[in-house]
Each structure stands twice: as C-alpha cells, then as structure tokens.
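Okay, so here's the structure we're looking at.
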Amino acid sequence: MSDLLNFYGKTFNSRLLVGTALYPSPAIMRESVKASCSEIITLSLRRQNPAQQQDNVFWDYVRESGCQLLPNTAGCRSSREAVELAKMSQEIFQTDWLKLEVIGDDYNLQPDPFGLVDAARELVQLGFKVLPYCTDDLVLCRKLLDVGCEVLMPWGAPIGTGQGLLNKYSLQTLRERLSDVPLIIDAGIGAPSQAAEALEMGFDAVLLNTAIAKAQEPVLMAQAFKLAVESGRAAFNAGLMLRRQTASPSTPTLDMPFWQQAESMLRE
Amino acid sequence: MTSESKAKIAIAGGGLLGRLLAWRLCQYDVNITLFEAGKLSVPQGACWTAAGMISPLSELVHSEKQVYTQGLQSLDLWSDWSRKLELQGGRAVGFRRAGSVLVAHGKDRSELLQFLRELQGKLGESAREQVQVLDTEALRDLEPALHSFEQGLYLRGEADINNHRLLPLLLDVLRLQGVQLRELTRVNCEPWCISFPGGEEHFDCVIDCRGLGAKDQIKGLRGVRGEVMVVESREVVLQRPVRLLHPRYKLYAVPRSDGRTVIGATEIESEDLSPISVRSSMELSSALYSLNPAFAEARIVETRVNCRPATMNNNPYIHNEEGLIRVNGLYRHGYLLAPAMVQQVENQVAQQRLLVF
C-alpha cells in the first residue's frame, strides 16, 4: 500500500523530520540523519552571520546529505526579523521551503501567534513554502491556513523539554477539525513512544532534534525514532481498538454466568 | 638524516601546538625552525582566546572517550611540563590543579542529573569516584562566592593553566634554546619542504601545526566560532573554574590571579571572526550575573573572538607520512589535548629516525 506524505506537491516516504543542531559532531549528525531515514532536515542560520561568509564547510556538509533542506528562523522574535532571515536562507540554501518560527516568550520559546501569522502572510506572498511552528490553538491554525500555509507544525510541548504531547485534547481537536491538512508535531518529543503516539493519533509526521542529538548514542536513538514513527503510522492505518474499562477476553469465558457477561457489556 | 649535520625540523604554526612541540624537540640534538604567519608576540589562534581549562570530565559529556583518556594523559604531562618550563623560563605559568565546580539553578537541577547520568554512561561506576556531590554548605566552603546555589558537583581532578602566561613564556624559552623563529611568514607544508611566497626550503621533517591555516590541505577542517569576555571584579572572587549548566546557555568562568575572570564560550558553526554579538554578550553576562549578582558591577575589560579548528567528527587529526606530519583539529580542547598530541608527534618524529638524545 502506498502511504506517501505530500507537502507542497512533493512526496516523501519518511514521516520523521529531524534537526541538525546540538550533535556531538557533524559526523555524528550526518550518521544519525542517515539512521533516521529522514528526508527533510531543518537547519538554522541565526547567529551565523551569513553575510560574512563565502563558504561554510558545515553547511556544505549538511547539503551533501541529499535531503530536502528546511531552513528555520529559530531565535527570531519579530515577523520582520523572520522575514529577513528567510530571504537570506533562501539565497544561501537555494530553497523556498521554510520552517517559520517567531518566538513570543524567551523562557519556554513559545511561538508568538500574531507575529507568526503576519510573517506567514508576507512569506507566502513572496513565494515561500511555509511550514509554521505554532501552538495547538485551533483558531491560530485556521488563520495560518487562511494566509496560505499548506502544512502546519503544532507543538507537542515547548522546545527541548521532552514532555511529549502535553495537551492531547486540543491536539485531537486539531486533527479532527483539520482532517485534510498535513500536520506535523514539532517540538517537545522526548521519547520514541511519544512520537509513536503522535502518529497513532493520525498526525502526519513528527519533527524533533534534541531527543536524538542529546542522546548518549544519537545514531541508535535516531534508529529508535525511525522505528517508532513507522510503528505509529502502521497502527494508525490498521485502526486502533477503542479503550475499554473491563477486561474483555478474546475467547469466551465459559465459567462466567451469562447475566454477568451482559452486565459487563452494558457498562461499556 | 645525514651524518655530518644535525636533522633539520620545520614546525609551521606558532600556536600552542607549534610552541609546545618546538620546546619538546629542543631536548634532542636537532635544528628547529618555527614558522608563523603572524607575530609570535601576538598569538592569533584560538590558543590565545581560550580560557585554558584542562577538564577531561566536564568535556567528556560532549565528546568521545578518546578525548577523556588523552585529557588524563595531558593533565599529568602538564604538571610535569609546567614545572620544567617554569624552571627554564624563570616565572610561573599559572598551572592550577584545584578541580572545577559545576552548578545549576534550582529550576535546572535536572541538568546536573543529566550530567551525572551521561558521565556514568560513558565511564561506568568509576564516574562516582571522580565526582563529589556538594550540598549548600559544602559548596559554600569550597566556593564562597556561589552561596546562592543549593547544590553542585566537584570534579576534583581537573585543572587549568594561564595561557596568557604560558604562551609568552614558551616563546622566551624557545629563544633561549636557540630555535630559529621566522615570523610574518605564511607557508605551505609538503613532505620535506616548506614553501612561501618567493621561495622554498628543505627539511628532514615538516610538522604542520597551522590550525585553520591548513584548511586547504586537510579535507573537512572547519572553524567553529567562539566568543569570550574578560571581566574584572573585586567583589566576587572564584577559586577555580566554575561551569554553569543551563538548558540553553552554557557558561564557564575561569578566575585568573589578577582579579580577572575569563567567561565563555559560545559555540557557533560559523567561520566568522567579526566581533562578539550583542546576543552572545548578553547570554554570557546574564549567566555570569546569575552565578552571583555582585558580578553586575564587574567591568568588561576585553572581549575576544576566534575560530577553533575542528574536523567533522570533532576529534583531533594527526597525519603521518615520510617527511611530513600534520596535527590539527583540537577543537575546543586545545589545552586538554595538546600535551598528549605533542607526545604522539614526538614519537612519530622518533620513528622517522630523526631524534637522537
């Protein structure tokens, strides 16, 4: 069965997107990306003073991975900053794909919904394929779609916390209400089980960095996430059973009186 | 080696590696020429920018075990070599083996646990013996200036060296020992041959320690930007290097004997030598302030920026062929690894049958 992802008219096999920061070394980063089987990788230009450099060996190294590059605007605090950095990234990496981040709070790096919509509107008009990093607020997500984003990236939890899917209720709402929009859970994923859960809930993909890069064995962790994402997606496609309050043996219990069985069925 | 004359050895690059290696080779009966692109009295490499920490344990969490084992070797070598250097040069190099302290604010306590866990993951149970957990009182006794922290870790075995004393002293000693110093000479290194604009010279062995100057000859060598600030405070005096663990900002503060403290260092994937950014200076300052608010009145007396030469796996690079040895890629571990690397090169020069006592 073909089960491809489709973002902005481009198809992908892998439902795991990874970052390129925080690794012990570029070599381990590249090996981990390979082990994750990711086809889309994010990277940051912020702080690197791109205007100053003709060549950057690290960027070349990332480019050599052959993955779709998704430059990000990490660290930008206003839409103006984000738009300028986006233009610079486009020039350097020769791609109009962009992970848009506009940060509204310094401590938990929470997205600024207002700046985000402004920046997204402007960047879409400039021809960017914008993948915004947003909160799990339904109305915000709708506004981002209204200004022309085709893919959204709601957070699971604040960046780098590894808390997993903190607000499952609103994430579930997003999934149900925006059923035909590609949704990627971005940020907050700390364990493969959490990634699997996101996929089981029907999210299209997950994006993460710290959980792999900061593991003691990043390459092995990348592999673990790859398996978890595949497993979660397969489970979603297979259709999860509903949760039950009481045990329900898969073979009839002969010694249980009929009326008790009826009672337990009613309780469900 | 010809029987009628001494072996001629060229060292390219007058940074920490080049100087240390030249000094070590002085004990053999060889002719040494040290080439430097800039001026030796004003070191331009990362060795001058660095804070001079020799901390195999603290660094282990973000490096491979090789860095740790070579770091331990270097620690022992430093205590021996610094004594010898002080005797020869007649003044102190500021080698201090007083351990180092790691702290985290209450909210970030998990960073200390994470550090311990990673250390145990890499060293097994022996990690426990090398790390002492400090409560408020123990911490206050050890580092009175860190009185507001509830807990910390003490890495007893770690050390640091005052590079702003060491490097000039090494230069003086090289002069005394008759090493030929060729400043303001940008060179290329080939087997048995040093070439420079307008000429070339032949040697029995060429040792390339040029750091980022060797970028064209070493594939995958890159520069990683680092920024440090030097502050001066009379109120807050630290006794030893202190590291602050924080989910996003990493800070070390290394006190010097003159009341100054070197704080650093950022790590940015970029070969950019422009001055320190406002953001980096804010991060460093606020992290310093959080160690002890009295640092707010410290004076920023200097900022320094440089690029560390690093390979793609961030491990040191050593290449050995007849007539040419290249050492490079010490990354953020210059003082931690230099002695061990220099000793390795010494052995390789010996293998090329050039060294006779």
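Any Cβ shown, glycine's included, is placed from N, Cα and C.
Any TrEMBL annotation is an automated prediction that lacks curation.
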- Message: Among A:G148, A:G160, A:G239, which residue shares the 1-deoxy-D-xylulose 5-phosphate site with A:A187, A:G188, A:N209, A:T210 according to TrEMBL?
- Response: A:G160
- Item | Length of the line joining the Cα atoms of A:A187 (1-deoxy-D-xylulose 5-phosphate binding site) and A:K99 (active site, schiff-base intermediate with DXP), in Å | 12
- Which of the recorded positions A:K99, A:G160, A:A187, A:G188, A:N209, A:T210 have a Cβ lying under 8 Å from any Cβ of chain B? A:G160
- Distance, A:G188 (1-deoxy-D-xylulose 5-phosphate binding site) to A:K99 (active site, schiff-base intermediate with DXP) (CA atoms, angstrom): 16
- Query: Can you tell which of the binding-site residues (A:N209, A:T210) has the fewest other C-beta atoms within 10 angstroms of its C-beta?
  - Reply: A:T210
- For 1-deoxy-D-xylulose 5-phosphate, with binding residues A:G160, A:A187, A:G188, A:N209, A:T210 per the record, max Cα distance (Å, no decimals) returned as 9
- Task: Based on Cβ atoms within 10 Å, give me the single least packed residue among the binding-site residues A:G160, A:G188.
- Result: A:G160
- Output field, 1-deoxy-D-xylulose 5-phosphate shell: CB within 8 Å of site CB centroid, site A:G160, A:A187, A:G188, A:N209, A:T210 dropped: A:G19, A:A157, A:P158, A:I159, A:T161, A:G162, A:I189, A:G190, A:L208, A:A211
- Using DSSP and three states only, what is A:G160 (1-deoxy-D-xylulose 5-phosphate binding site)? coil
